[in-house]
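Q: After the structure tokens below, expect a handful of questions from me.
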Amino acid sequence: MGPQGEISGAALAGVILNAWVLGLICVLSYQYYVNFPRDARGTKLLVAWMWILQTFNAIIVSKMVYYYLVSSFGVWENLALATWEWCLYVGLSSIAAFSVQAYYACRVFALSKSYTLCGIILLFAFCQLGFGLATMSEAFIIGVFEKFIPVAWLVVTWLSFSAACDLIIAATQVVYLHRHRTGITGTNRIINILILYILSTGLLTTIMAILVLTTFATLGFNFVHVFLNIPLGATYTVSFLANLDARRTVRPAGAEVPNRGTVPERLDIELRRVKHDQTGTSDFLGGSTKFTESNVSDVKFKNDGQTPFV
């Protein structure tokens, strides 16, 4: 099998994997709307947007594979051409990643209240989006795989910014949640669950982006790179939906929900200025407050619908 046949085979395998991931996205999206009907409209629209985006992407890559393996069967010259579907799915992947990364930037801001940290994450997200769309544009212009070598740096830069952004997001959320651990068993259990979900979903996209980056940087267009790159955008969507669905796991640990679907979207652990003793107060964020079992009221589960849940 030549390199063109290898890439086509990788594309077929990637489309099959992407179809499976799309099925998972459909299930998670359905569960989200059933279990959290009272979430903010913006989050509901984002879930719908991600589902539409990945459904459209699945149609595009399926049409792409049909062209290479059916319409152009036996015509080896056509396998060297980058169709518009091939070029477009690159842009769709970067758009999906940006949508999720921007959402996580809001969550990080809710945790840290740091405009600088949120700005850095958004900067990396915009950079990966820009270089991803630039890669798509160059692919449209060049149109032949063999001529992509001079612009390969665009792909490397795009995936580097994407992986770095994912790593910053995951690390920041874990650090800030760990700092908010208290002496209260129930609260620590909730925080541990949230950290576990952040690590399992956030690192998934990071590892995927790093694998796609390293395989392309070392081997170029190869089987592993193409196979993993096709479902990359869908991986971001699964990460996003899994984090939203994580509230069903947190619910029994920290909040009693009388009716189905009333769990607040923002299961936000609000650590405020608390009373340390009868003589004064101390600021938890300043690091001087020590929580005890009697400080149960110090940790509040906010249901104001104004800030992203952590």
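Placed from the backbone N, Cα and C atoms, the Cβ positions cover glycine too.
Annotated domain 'DUF6534' per TrEMBL: 162-248, in sequence order. Per TrEMBL, transmembrane segment is recorded for 12-33, 45-69, 81-105, 117-145, 151-178, 190-217, 223-242.
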Q: What same-chain residues lie close to the transmembrane segment (45-69): Cβ under 8 Å, and 6 or more beyond its ends?
A: 8, 11-12, 14-15, 18-19, 21-22, 25-26, 29, 32-33, 78-79, 83, 85-86, 88-89, 92-93, 95-96, 99-100, 103, 230, 233-234, 237, 240-241, 244
Q: If we skip the immediate neighbours and take only residues 6+ beyond the ends of the transmembrane segment (81-105), which ones have a Cβ under 8 Å from one of its Cβ atoms?
A: 46, 49-50, 53-54, 56-57, 60-61, 63-64, 67-68, 118, 121-122, 124-126, 128-129, 131-133, 135-136, 139-140, 142-145, 148, 158, 162, 165-166, 169, 173, 202, 205, 229-230, 232-234, 236-237, 239-240, 308
Q: According to DSSP, how is the domain 'DUF6534' (162-248) divided among helix, strand and coil residues?
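A: DSSP classes over the domain 'DUF6534' (162-248) add up to 76 helix, 0 strand, 11 coil.
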